[in-house]
Every structure is written in structure tokens, then in C-alpha cells.
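As given in Swiss-Prot:
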ACT_SITE  S188  active site, acyl-ester intermediate
ACT_SITE  D400  active site, charge relay system
ACT_SITE  H440  active site, charge relay system
BINDING   D257, D260, A262, D264, I266  Ca(2+) binding site
DISULFID  C28-C75  disulfide bond
DISULFID  C63-C114  disulfide bond
DISULFID  C187-C441  disulfide bond
DISULFID  C256-C273  disulfide bond
DISULFID  C282-C291  disulfide bond
DISULFID  C503-C525  disulfide bond
CARBOHYD  N53  N-linked glycosylation site
CARBOHYD  N85  N-linked glycosylation site
CARBOHYD  N98  N-linked glycosylation site
CARBOHYD  N138  N-linked glycosylation site
CARBOHYD  N246  N-linked glycosylation site
CARBOHYD  N287  N-linked glycosylation site
CARBOHYD  N311  N-linked glycosylation site
CARBOHYD  N490  N-linked glycosylation site
CARBOHYD  N516  N-linked glycosylation site
SIGNAL    1-19  signal peptide
Amino acid sequence: MPSLRRLLPFLAAGSAALASQDTFQGKCTGFADKINLPNVRVNFVNYVPGGTNLSLPDNPTSCGTTSQVVSEDVCRIAMAVATSNSSEITLEAWLPQNYTGRFLSTGNGGLSGCIQYYDLAYTSGLGFATVGANSGHNGTSGEPFYHHPEVLEDFVHRSVHTGVVVGKQLTKLFYEEGFKKSYYLGCSTGGRQGFKSVQKYPNDFDGVVAGAPAFNMINLMSWSAHFYSITGPVGSDTYLSPDLWNITHKEILRQCDGIDGAEDGIIEDPSLCSPVLEAIICKPGQNTTECLTGKQAHTVREIFSPLYGVNGTLLYPRMQPGSEVMASSIMYNGQPFQYSADWYRYVVYENPNWDATKFSVRDAAVALKQNPFNLQTWDADISSFRKAGGKVLTYHGLMDQLISSENSKLYYARVAETMNVPPEELDEFYRFFQISGMAHCSGGDGAYGIGNQLVTYNDANPENNVLMAMVQWVEKGIAPETIRGAKFTNGTGSAVEYTRKHCRYPRRNVYKGPGNYTDENAWQCV
């Protein structure tokens, strides 16, 4: 039996941990009485122990989340914050016991008013004092924008900024040391919100991680809407079934997979891929379930073409080849894209009965002229953010089935041209990484595990985690040259099959050998 003297250090450590937990819990329980901020109504303050599977009964059904596992002890604060006389945001702050002195805001997705609880859990678990809001409305529909410009303004820019202002005040109030640096993490609409902060609120964040950004958003809505005019409805002679999209994908890989030097099912640089589809056009007498008709081949060519406006100006770049299988069930499914339909019905034309099947580029011109509250988020002069010392890191999956990765390249070029700076100077504050094999924000056939979300988490090493890479860049001045991604053997959370270092744009990955394509050292950024 061990002596009492030997046990004393362990007993003392255990007692200290329990005391710390009790102190944190007590501090959280009494925190509501200390909150007295303008326009803020506290709904509740709860202590949530690590390991809790938190029930979310008030989360809108369309948001799809009924519970969230919380990894670390947090103080959860739920609030309503007025943004005008007729609008408010629902805001949550998760303040962790393992606080690292860092503040972080999360974003949203689509047109949705859904707090992304998985991001709150992920980032608070890493020690960030984290906030997340519903962007001023509840659910995934665009209907709340109908005749409510204040709600729309919340969605465009005010929700995230308001959450940052309130969240920073709460962080200073709860932790004696306040916060030393502030960060942003978001993807899709969350990526657009990140760039809106860079463009409009340059002092809100020291570091912004903005994935697959939905900037150029008015034209994105039009681009998404125009696919129906190309495919037609299910059963039309221009429509491709999912099986035919699989056949098309195999042909695209046959033509383009080896361009990067390795035939691994991943196209490292889709901009080099211009598939010629004559090879799979049906021969006389051939079963049309195994090949494309001439009209179907034309459909594919149109999908892989940019969208131009009524005067011939570029509105939105092409969809990148390689994404077609995943996109076929969402963008090319023979139905108008729902977000686009909502946008035109409830905002552009303020007519819930507007027929989305009749969309044309003339509608795109009407929408772009409106651009309410500058939803476009396409301003290319981000010099104020640079002067404030901010860093922005953006990434985009090259299998993205919802937002073309070409659009992120287009914005990068716009910034370089507008600010008159070459890539090596942009690198000082703005870095862009193309993630081969990544679909929209997560998933895909390649090494998409970069730590941008809980579902893509591998570890917290800055080389393997895009958020912690940003922290290292901001706090230590070590900028990331590559972002290592993990390919999981059986989807998220499974073992790592292989890793690949994704290159900083404008470099691209090329297989040099001599190892297998699963060897990250067999690839080189050129």
C-alpha cells in the first residue's frame, strides 16, 4: 500500500482541480447578475460540464441540430441583442474553463439563421471564448427577409459585428485578463461574413479564417439559379441522371487526373482541366444509359462555362471539373436551387410566387443593381485591414459542389490588382490555399481534414490545423507555407489513411515521386 506521504501530492492536485471546477461553476452561475450591456437581454446562463451531450430544444427544426456534445467545461450564455427597433439577433457565448486568452466568432451558412453549435463546441474546446449568432432570423429559408430590410441587414453584416462587440465585452467581464487576440472562423456564408469583416470592420479581428467564401454573393445566387435553365427538369433531353454524371466524372478523371503526375482520383488543379466529352457521346445503336447524347454533352459543356451578363461581362466563373458527382444531387437535380429561388422571391422581386424556372441573365442584372447593404462583399481594397495588422487566410475545396473555387482565385487577383501588390507582398497579410479533394467546407475524396471544423479535426498542431496555423501566424509571426490535410479511411473521425500538404496559391501540387501518391513528401509545390 502506498504511503500517505506519496499520495498527498496527487490528493492535493485532485482537490485543486475540483476547487477550480467549483470556482468556475460558481462564477458562471452568478454571472447573469453582472451582465448589464446596452440592447442585451439575457435569456439564461448555464454551466455545462465537459462531456455533456447538450440538448437544443429551441433550435429550429430546419437547422438540423437537436444536440451537441461539449468537450470542455463552459459557461453558456444565451441572449437576444437588439440591432434596431424592429430586429434582433439570437446570440450565444461559450466561455471555457480552459481559456487561452483568445476570443473567436463563428459564422453561418447559406441563407440560414442557424447558430452553428458544432463550431461553438469545437472552438471553445480549443480554449477560445466563442460567440455565435443566428444572423438575425431563425431557420434556413430566405422568407424572413421579405419586406424586412432590418433583418436582411443583420444577415449581410450586422449580426457578426454585433456579436463581436457584445462577445468581447462579455469576455472582458468574465475573465480578469480579458483577451489578447481575436479570431474568426467560418465557411461558405461564414467565409463571406469573414471577408465582410475584413472589408467593413477591419479592427474586429486579428486573424480571419474564411473558407469557401460566398462573396460575389449576388452573382453566386444567379449562377446557382441558372443551372436549371441548362439541365431542364428531370426527364428532359438535356437532363443527366446521377448515373450519367458518374460516367461523365470517370471520363473527366481519365482526361485530367494525371495532369498533376499521379492518377489518384484527385484533380490537384482543375483550372488545367478542360474536358472534351465527344469520347462519351453515344454511338449509333448504343444504350443511352451508358453514354451521353449530343444534347447532354452540351449540358455538361454549359455547366463548365462561366456565367456572363446581358452585356457580356463576367458575372461568375465556371464550376470546376471534378465536383460533378456531388453537385449532381444539388445543383443539377432538375429543380431550381432553393436558396436562389428564395433570394429572388423574397428580396429581389418581393413576390413569393415568382417562378424560379423562368430565371434568365436579365434577372441577374436586376439583382446585381440592387445589391442590398452591399451583400456582394466584393470590395477588393482591404488596405485598412492590412494597416490594422490583420491576417486573413482563406481556403477553398477543389471539389466544392456549391461554390466554384475559381471565384476565390478571381477575388485574390482582384485584391492584387486593386491594391497593386504582387503575391509575395500579399503573403504578408493574405494567404489562399486550394484544398484538393475537399468538397464544400468538408468531405470529399481527398485529404480534406484541415481542422477548419469539428468534423475535419485531426489534431491541434498548426501544421495540421488551419485555425491554429492562423493563431501561430498572428501570435508568433510564423505564416503557413502549406496546410496539411488528412484523408480519412472511412469518413470523418476514422483513422488517417494518408496526408497531403496543400500549397499556398499561386503554387500548385505536382507529384514528383519517388514514393506512392499517399506519401506527402512525393508532392512538390511549384
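Including glycine, each Cβ sits where the backbone N, Cα and C put it.
With respect to D260 (Ca(2+) binding site), the closest of these recorded positions in Cα terms is D400, chosen from C63, C75, N287, D400, N490. The disulfide-bonded residues C63, C75, C187, C273, C441 differ in how many other CB atoms lie within 10 Å of their CB, and the one with the most is C187.
With a 10 A radius on its CB, D400 (active site, charge relay system) counts 28 other CB atoms from all the protein chains. Looking only at the recorded positions D264, I266, C291, C441, N516, the one with its C-alpha closest to C75 (disulfide bond) is C441.
The two recorded residues N516 (N-linked glycosylation site) and D264 (Ca(2+) binding site) have their Cα atoms spaced 10 Å from each other.
For I266 (Ca(2+) binding site), the count of additional Cβ atoms within 10 Å of its Cβ stands at 23 [all protein chains shown]. Counting every protein chain shown, the number of other Cβ atoms lying within 10 Å of the Cβ of S188 (active site, acyl-ester intermediate) is 22. Within 8 Å of the centroid defined by the CB atoms of D257, D260, A262, D264, I266, the record's Ca(2+) site, lie the Cβ atoms of G258, G261, E263, G265, I267, E268, Y511, Y517, excluding the listed residues themselves.
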